[in-house]
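Asks: The following feature annotations were taken from TrEMBL:
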type	residues	note
BINDING	K529	ATP binding site
DOMAIN	26-202	domain 'Eph LBD'
DOMAIN	309-404	domain 'Fibronectin type-III'
DOMAIN	497-758	domain 'Protein kinase'
DOMAIN	789-849	domain 'SAM'
SIGNAL	1-19	signal peptide
TRANSMEM	414-439	transmembrane segment
Amino acid sequence: MWPKGNYCVLLFLLRSVLSEPGTTNQVVLLDTTTVLGELDWKTYPVNGWDAITEMDEQNRPIHTFQVCHVMEPNQNNWLRSGWIRRQAAQRLRFTLRDCNSIPWVSGTCKETFNLFYLQSEEPLPSTTRFRPTDYAKVDTIAADESFTQTDLGDRVLRLNTEVREVGPITRKGFYLAFQDVGACIALVSVKKSGRVSRHSASHGLVVSSGGERACVENAEERDTPKLYCGADGDWLVPLGRCVCSIGHEEIDGHCQACKPGFFKAFAGNTKCSKCPPHSSSHDQAATVCHCDKSFYRALKDPSTMACTSPALVGVVRKDWATENSIALSWEQVEQPPADIVDYEVKYYEREQEQLSYSSTRTRTPSVVVTGLRPSTVYVFHVRTRTTAGFTAYSPNFEFSTAAEDPDVADQGQVLVVVTASVGGFSLLVILTLFLLITGRCQGYIKARMKSEEKRRTRFHSGHVPFSGIKTYVDPDTYEDPTQAVEEFAKEIDPSYICIERVIGAGEFGEVCSGRLRLPGRMDVPVAIKTLKGGYSEQQRRDFLREASIMGQFSCTNIIRLEGVVTNSRPVMIVVEYMENGALDSFLRTRDGQFTVLQLVGMLRGIAVGMTYLSDMGYVHRDLAARNILIDKSLVCKVSDFGMSRVLEDDSEAAYTATGGKIPIRWTAPEAIAYGKFSSASDVWSYGIVMWEVMSYGERPYWEMSNQDVILSIEEGYRLPAPMGCPVTLHQLMLHCWQKEAGQRPNFTDVLSFLDKLIISPGSLLTLANDAQSLTDSSEDLPDYPLFISIGDWLDSIKMSQYKNNFLAAGYTTLDSISTMSVDDIRRIGICLIGHQRRIISSIQSLRLQLHHIQQNGFQV
């Protein structure tokens, strides 16, 4: 929240303000957040000033005017405001660009603009012709300072403040007119001004009379104004703003403390939230709600999560027992803090002291545990899984199985003797029959083997029903994480490992390639991750945690763990070797070398792996092309299961509002904002991976900052289809990027959709770019002008500065440029992404025009 006074409100670069000195009235020249449709400001000529619309943080349109025809001589571009009722003074805030910072400008350009006004008793009729000679000049306004190319790179905003008296004004109102004579100017519409209390708050930026900016009490600066490159390649400036600090919410322009019973953990213009169930706050300005008595919240749980009781179960009772089973039941709490999903029962023999335990799950507060040993005491723990997560385990409960009946044991011995006698006779009969029918069965066996081989070939790297799939066990649930490694990973003798060369560096040490030489097996190429020396015990546990996760997976599209070395130094994790490395770098070096069907095959392999993980209940959290490995057969496998650790060395990671560090460009909005990771958030990430694959490893959202990515997604922006991407695949991406997690497809649906595309490759022929630019009938054809030369075409889209680039590259006719791709545009030296898009969009339209002419001829 910025304080307001008798001065201007800045929304973008330039804001005009009219105010009565010493009054509290606010004068609205133009409220850009409420105007719908076209503005009442006029441009002369019509192609001089560009009207550009952006969205503010409240998702409201902001209208701006810009002009930057610096390489064309004799500029005379006018912009006239709507009719303004008479007031006393005006203050202007604007920015100009240094001519020397514009790469395509040779020599010098103007760094000034002229301000004019025209008095009238009432608004002029719309049919009145614009005559510059009717306007009186106020002044030629020059910038005290301008911004350079360095400022553009650093996204620094340089503003200039000038005060000009308009008048004397003898009539009821007047018009303002801005004349550009060849400068780079961005003019922002006026919202309001006036003398208002310095303790009030505003969503916009304001400047105090001394020129310094400050937030009101209990507010802090957020998103300092910075230069931003718009979609057309020209420069824009997004909003700067102040936001209410933690524990405070915005009410009527003030940042007020949260009331008791409410809290707010993060700075922003959001309302205070009611305390989660079984928690409370007794003071104002609470940043967290503390759990009520007998209720708890895990340290890693966000402050928005409900507090739960330790186990949500009462006393565990033994209902009955036999030699091999025990029936248990327990009481359920009357008002659980969250919906109960199921119960997990962990049990082990008391004499084993939890060295080896088993677990089972049940949806009811009772269970029958089978497969136990007679006359043995077992220890049982029960915990509840709610929609908010697992609770703690209950206290120990010890119960014994029944003793084995001696009579039954004697009967069993007699039965063994009789069974052995009968079995011997039966064996002779079976051997005789076997010899008789072996020849007849031989052909059937061979046919069956061929059938099995075909079935295995069909499902190699394919999706098979994961029936009876086991559930993922979080290593963090072990009291000693080393036990998880021992349970899920195989210990390898280091003498069986031959390290050949270093191929990279990981978070904990070097990554090498080598061979695994197990007795009785052929040499297997492997990748070896080593733990660098001088590690702490915690680093050792974090390093081995990934192995205890990978060891639970068995899928052709999940990286396979061969084993670990923990009993000697260095500590190592050994996994299968993937010859082509990370998918993103692999694709970047092979741009355009694969068919669409091959790329879909890669995506299918990733979907198979993610379906398997989802079915197991595992959430990856860091699904990205850099974490997909690809082998020499182009089989893609999901890897990197260490997202739970802090990504200190990941250049793509950034801190979020929840305090964690996550890869913003690949992460779903709910995970960024609230830390809610789920299989649905992995589906969002999979959509980004699809985009990476179809764009051959381009960086998602290009060079946008992480904060701009977050704001753009909140405003509904989604990545466009890459060049040459089938429209069906882009539609699947958009489904994966649904804002509501529940509306996204699950991985089974994604896999089924990709299978249909592979079975019907004709559905991949329609490209997204063609679908957007080509129409089915001439009746839908836009009225395109007929260009005579490349110069005419570039002039029409205001890209004439690139004329020499096209001519030097040999593009001299409209036919030749109609076949250009975005790679061709880059190759001739057009580097600005916005300009590339504008030119490609126009080429697609030009291609349609030429196609229509070839089909129908010229109409005279």
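Yeah, the Cβs are placed from backbone N, Cα and C, and that goes for glycine too.
Because the structure is a prediction, the values reported are computed rather than measured.
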Asks: Mind looking up the mean pLDDT for the domain 'SAM' (789-849) in the predicted model?
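Replies: Summarising the domain 'SAM' (789-849) by its mean pLDDT gives 82.
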Asks: With DSSP helix as H/G/I and strand as E/B, how many residues of the domain 'Fibronectin type-III' (309-404) fall in helix, strand and coil?
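Replies: Taking each residue of the domain 'Fibronectin type-III' (309-404) in turn, the totals are 3 helix, 51 strand, 42 coil.
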Asks: For the domain 'SAM' (789-849), what does DSSP give as the number of helix, strand and coil residues?
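Replies: Counting residues by DSSP class gives 43 helix, 0 strand, 18 coil.
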Asks: Once the chains shown are all counted, how many other Cβ atoms turn up within 10 Å of the Cβ of K529 (ATP binding site)?
Replies: 22
